[in-house]
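Presented below is the structure to which this report refers.
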Amino acid sequence: MALRAGEHSQEAANGLKEKVLTLDSMNPYVRRVEYAVRGPIVQRALELEQELRQGVKKPFTEVIRANIGDAQAMGQIPITFPRQVLALCVHPDLLNSPDFPDDAKRRAERILQACGGHSLGAYSISAGVQMIREDVARYIERRDGGIPADPNNIFLSTGASDAIVTVLKLLVTGEGRTRTGVLIPIPQYPLYSAALAEFNAVQVDYYLDEERAWALDVAELRRALRQARDHCRPRALCVINPGNPTGQVQTRECIEDVIRFAYEEKLFLLADEVYQDNVYAESSQFHSFKKVLTEMGPPYAAQQELASFHSISKGYMGECGFRGGYVEVVNMDAAVKQQMQKLRSVRLCPPTPGQVLLDVAVSPPAPSDPSFPRFQAERRAVLAELAAKAKLTEQVFNEAPGIRCNPVQGAMYSFPRVQLPPRAVQRAQELGLAPDMFFCLRLLEETGICVVPGSGFGQREGTYHFRMTILPPMEKLRPLLEKLSQFHAKFTREYS
């Protein structure tokens, strides 16, 4: 446990030299950083798991971590072909094994030829293996209907988070009323608030419309921008599509409106598109900001600055631990792009295993390849099950009194709104907790279900939510949803 300020004098009294680095002397901006997805509730979940291993009796037999979008931690089986290619790259002696298909061997040989010393253990260039960047560019071109993508505008990264933080770092400048402001959606993914706190930038909240399935309204963007200009200099706008934690998928019309707004107000656009393969609602379709921007033509296509992000952690692969991703920049100033390259160089290079898996993600087996039937079957099975889980989650929550869940159109989460009795709110305040944090802690202690309170993502005053992944196996998901709904009913009776 960290020392509090008043404990330093006790050190001196004991004849110990005061530490150079203390809570008082450390970077104050780091102290302000919060990351709810791995916050106090998750720490308590770890403690409960340890207690269960030690034989301590609980009202449950396991902790179900529905707090984070980690598919394989929740039981998803890895897709075979990417792992075969990775195994061959890590241990090239396996290239002589009859246990691996020929197309996986060809892919591994091609990747190894592009690596320094023909080994995955060598550093790549800081922007990532050039051949893989070229494959990413071809993927983007296919995705966007033939719109060109330049590999020199693509930087591979240690997951999308690493790239997002890099771009934010480029944007942050100024002091006082000239500090950089960044518009982020509320509810938001806490990476953004954490990074802005660390960089001493200003978080400018714009609220998604819960009554319209978490729609993004340009009128709300204008309100947020107008108020922010009184105390900072807004320079960037972030959009998460499909949404995290809210699961909505933006329409093309909405994206066009956002691009016009950003252009008119001279805002750099950050498009967090890591869930682009996770679209479940039949009425929804993913549209990339790059494609829409280009098809809008001048002046937007040639002038609006954009950084778009993707990752191997989500989609159908769920390879979170290998940390692979990329950012594509559009219309970025050439001198700034050089500075971005410099920042990447300081970090040496993204992990090469993550780069390998990214290459397979953007260039999967073709229909003529021997691995295609199995790959396609596994991919479709994962996405079909996620779609079924999204529908089930919405259905069960909306049948429970006091819980309302918008359609989970995409991504990997539901973000239901829960009604909490006034006495529960009062009790939470007495304990110094946010009301939904109090609810989620009680839920964890009594059921073993670990979810993240909505206050960790931001929400309108007087509303309470939690984020829950839809990733648990179907045989566990329905009982989990029913148990959670039953707990809410019990909690409501207790505090009514």
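Just so it is clear, glycine is given a Cβ too, placed from its N, Cα and C backbone atoms.
Because the structure is a prediction, the values reported are computed rather than measured.
Copied from Swiss-Prot, the annotated features are:
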type	residues	note
MOD_RES	A2	N-acetylalanine
MOD_RES	T22	phosphothreonine
MOD_RES	K314	N6-(pyridoxal phosphate)lysine
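Mapped onto three states, the DSSP output places K314 (N6-(pyridoxal phosphate)lysine) in coil. T22 (phosphothreonine) is 38 Å away from the residue listed as 'N6-(pyridoxal phosphate)lysine' when you measure Cα to Cα. Secondary structure from DSSP puts the residue listed as 'phosphothreonine' in coil. Of all the modified residues listed (T22, K314), K314 sits in the most crowded Cβ setting, with the most other Cβ atoms within 10 Å.
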